[in-house]
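Features of the protein shown, as given by TrEMBL:
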- B:89-295: domain 'Cytochrome c assembly protein' (DOMAIN)
- B:315-640: domain 'Cytochrome c-type biogenesis protein CcmF C-terminal' (DOMAIN)
- B:39-62: transmembrane segment (TRANSMEM)
- B:96-114: transmembrane segment (TRANSMEM)
- B:121-141: transmembrane segment (TRANSMEM)
- B:175-195: transmembrane segment (TRANSMEM)
- B:207-229: transmembrane segment (TRANSMEM)
- B:249-266: transmembrane segment (TRANSMEM)
- B:273-292: transmembrane segment (TRANSMEM)
- B:312-331: transmembrane segment (TRANSMEM)
- B:352-374: transmembrane segment (TRANSMEM)
- B:425-442: transmembrane segment (TRANSMEM)
- B:448-466: transmembrane segment (TRANSMEM)
- B:493-512: transmembrane segment (TRANSMEM)
Amino acid sequence: MTRKQRRLTLIGLALGVLGIAASLVLYALSGSITLFNSPTDVVERAIQPGQRIRLGGLVETGSVQRGEHMQVRFSVTDGRNSVPVAYTGVLPDLFREGQGVVVEGLVAPDRQFRADSVLARHDENYMPKEVADSLRQQGLWRPGDPVPGRNAARETGTR
Amino acid sequence: MSPEIGHYALVLALALALIQSVVPIWGAKQADAVLMGTAGPVALGQFAFVALAFAVLTQAYLVSDFSVENVFLNSHSAKPLIYRISGVWGNHEGSMLLWVLILALFSALVAAFGRNLPLSLKANVLAVQSWITVAFLLFILKTSNPFTRLSPAPFEGRDLNPLLQDPGLAIHPPLLYVGYVGFSMSFAFAVAALIDGKIDAAWARWVRPWALTAWMFLTAGISMGSFWAYYELGWGGWWFWDPVENASLMPWLAGTALLHSAIVMEKREALKVWTVLLAILTFSLSLLGTFLVRSGVLTSVHAFAVDPERGVFILAILVVFIGGSLALYAWRAPMLKQGGIFAPVSREGALVLNNLFLTAACAAVFVGTLYPLALEALTGAKISVGPPFFNWTFGPLMVPLLVVMVFGPFLAWKRGDLYGVAQRLTWALGLGVAAMLAAYATTSGGPVLAPVVIGLACYIIAGSLIEVAERIQLFRAPAATVWSRAKGLPRSAWGTAFAHAGVGVMLIGIVGETAYRQELIVQVRPGQTVSIAGYDLTFEGLFPEEGPNYRDVVARLQVGEGGVPAGVLNPAKRVFTARNMPTTEAALKTRGVSQLYVSPGDPAEDGSIALRLFYKPMVLLIWIGTLFMVFGGMLSLSDRRLRVGAPKPAARRAVAIEAAE
């Protein structure tokens with residue numbers, strides 16, 4: 001095989017693998033990305049029922065109700081609007097009223113949010129970055145507040 | 001020791017690093033042996049000062065000196081000794097100091113053991129290393145000084161994050177950092193070679209042990225982190241495709257590619273330009289990982305404080321080093337002479353394929369990790385790219401790699417005989433198919449693909465064993481011959497076999513856990529019994545307990561296995577008193593390599609508790625497999641032909657390589 005042929009083979013191979021990788025990436029991106037929304041987005045922009053989103057905000061104080069068989073209802077608020085959330089399962093350790101939380105799931109036709117996972121970070125000062133941003137937009141974040149997430153580690157509750 | 005001594009030592013180290021980053025390289029340009037010779041002693045001095053600073057900080061932690069802000073924020077006088085030590089790197093400032101300490105240590109190693117290096121290469125390498133040290137020392141002194149004092153000194157500290165109070169996380173960061181920073185060596189060698197404008201097989205022989213060392217530590221570090229997440233976080237998973245995990249996986253993938261392409265370069269003088277690029281990319285990805293984790297740009301659940309100043313500083317480091325080295329590469333790489341012609345079907349051809357797939361997989365992870373950031377920066381849209389993305393891209397790219405991996409070691413250099421190799425692999429293929437059928441017959445449920453992957457894994461393990469068996473003529477020659485051949489076989493061949501078999505072992509663990517795990521979430525009252533995977537667990541009730549710096553609420557469970565008592569499980573909800581922070585302590589029962597995993601939810605007022613029960617078949621094989629890989633790396637590293645700093649004279653080397661073929 002000449003040098004030129006070898007180089008062509010190499011380039012062909014590389015392009016082939018790159019092509020496979022690119023098409024896999026595009027295919028996966030089209031199917032598995034999740035948009036992040038604040039409660040205001042959900043209320044005002046009328047998110048389509050059945051679309052998978054991440055909803056982030058604070059767990060509204062006084063809204064947590066625990067039912068039978070690990071059913072939990074609570075509201076996620078960004079200070080302007082709040083969205084009722086239903087979840088069945090074990091909640092993360094740092095799930096508390098007034099704390100930042102990100103829930104993932106769908107908006108049901110009755111405008112209630114059905115979460116299949118609840119994420120909270122493992123730190124007492126923690127606030128998810130998206131939540132902090134959205135609160136800042138609403139003017140509800142004060143610079144003197146505890147700094148979000150130091151040494152934070154993952155914690156999820158998944159049904 | 002006074003913290004001010006530590007601060008001052010860092011400033012002195014910076015001064016030495018500045019000298020080292022200019023003088024030796026100037027000397028190399030002027031061919032002045034005296035100027036080049038300064039690099040070694042200065043590197044050693046620099047290491048001594050950074051080590052002194054690190055010792056001072058450790059001392060402050062040991063004596064609980066809360067007049068140091070860093071100690072106050074991350075320690076507590078009631079904390080056990082090991083976590084007082086690990087608290088040093090359990091925070092941003094201390095971990096950056098550890099980063100620089102390891103960097104300086106690597107420079108010192110080159111200085112101390114690099115006697116066989118050409119003087120100009122050694123000078124250039126140490127100078128380039130020093131550029132990195134300067135950047136990170138400036139970063140520490142400017143934005144993350146661990147020696148800042150508090151006045152008046154508080155009486156008690158705020159304690160280390162309880163999740164980090166675990167032996168796994170005490171050793172995980174040092175392992176990971178040695179891996180990350182270790183690749184700075186290959187980077188420095190690559191940049192030095194580009195500056196020199198010449199590169200040869202000896203370069204690869206020098207770089208490969210360093211890359212292998214870094215790779216081993218990175219493998220061990222990633223594996224340790226995954227194991228920690230599994231048993232400590234209480235959610236029962238071992239990999240989440242979290243951006244911080246990806247930050248360590250990307251350099252691992254690139255580093256694995258580098259290890260393999262360096263072999264081609266060493267043996268065949270081919271792939272020079274590509275190897276140099278990989279060396280640059282691997283360390284760039286390490287730096288990127290540091291940036292992602294430290295800057296707070298990520299929404300990752302691990303990310304450290306959101307601090308724009310730090311973020312911008314590290315971003316600047318990133319731009320200078322990645323941009324600078326790639327520019328240098330674009331400018332100088334064409335001057336490096338290419339060599340070595342080879343056929344597509346050959347050992348080097350297989351290694352090229354390995355590199356293609358590894359880098360493509362790395363690119364896919366890169367896209368998945370950074371696409372959300374780029375999109376948010378450009379359009380403001382916030383998205384999350386979750387595990388499905390990575391499973392869909394990473395998985396398919398790994399399969400051909402795993403198939404090629406077995407063929408590679410059988411193929412000859414220059415031109416291989418694909419048909420011949422397939423014949424020699426008949427046994428492995430047969431075993432793979434048999435394993436696939438057996439898995440299909442004995443398991444129910446789980447995805448259809450799972451038995452196929454189990455077959456693939458068994459084929460990989462069998463292939464690695466057969467390769468060694470053939471070389472030592474097992475079952476063909478008399479036992480004495482086999483024994484002497486086994487002893488004579490280069491350790492690197494054993495290393496390859498072990499590392500490749502480890503991949504197969506890990507794969508079985510991954511498939512077993514993901515495809516066949518059983519999961520149950522129940523709310524139980526005292527006296528109630530639940531069953532999973534043949535185990536009966538009877539909940540006896542909740543019992544409060546006291547630890548040194550925490551309080552437990554223990555859920556006691558009697559375990560029965562087919563009606564026979566098989567012990568007690570004690571999962572607990574733990575509250576760390578200093579921070580009033582709750583954690584979940586999962587309880588594990590090991591049977592062979594499978595585990596029963598019980599994680600408690602919040603106790604309800606009526607004395608009942610929610611429990612998450614998992615049965616995880618083969619799960620321990622995931623980490624046992626990575627241990628095999630690390631062990632394979634160690635074997636390879638102990639190979640005399642690879643020993644750092646001892647390149648043999650050309651004639652003897654040629655004999656040794658021939659003997660190994």
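Placement of Cβ uses the backbone N, Cα and C atoms for every residue, glycine included.
The list of residues near the transmembrane segment (B:249-266) in space but at least 6 beyond its ends in sequence, with Cβ under 8 angstroms from a Cβ of it, reads 179-180, 183, 186, 201, 203-205, 207-208, 211-212, 214-215, 218-219, 222, 272, 274-275, 278-279, 281-283, 285-286, 288-289, 340, 347-348, 351-352, 354-355, 358-359, 361-362, 365-366, 369.
Over the domain 'Cytochrome c-type biogenesis protein CcmF C-terminal' (B:315-640) the predicted model carries a mean pLDDT of 90.
Scored on C-beta pairs under 8 angstroms, the neighbour of the transmembrane segment (B:207-229) with the top count among B:121-141, B:175-195, B:273-292 is B:175-195. Only residues 6 or more beyond the boundaries of the transmembrane segment (B:96-114), in the same chain, are considered here, and those with a CB under 8 A from a CB of the stretch are 13, 20, 39-41, 43-44, 46-47, 50-51, 53-54, 57, 88-89, 122, 125-126, 129-130, 132-133, 136-137, 139-140, 144, 146, 173-174, 177-178, 180-182, 184-185, 210, 290, 294, 644-645. Proximity of distant same-chain residues to the transmembrane segment (B:175-195), defined by a Cβ-Cβ separation under 8 Å and at least 6 residues beyond the stretch ends, is recorded for 25, 28, 95, 98-99, 102-103, 106, 110, 121, 124-129, 132, 203, 206-207, 210-211, 213-222, 224-225, 248, 251-252, 255, 258, 276, 279-280, 282-284, 286, 289-290, 325, 328-329, 332-333, 336.
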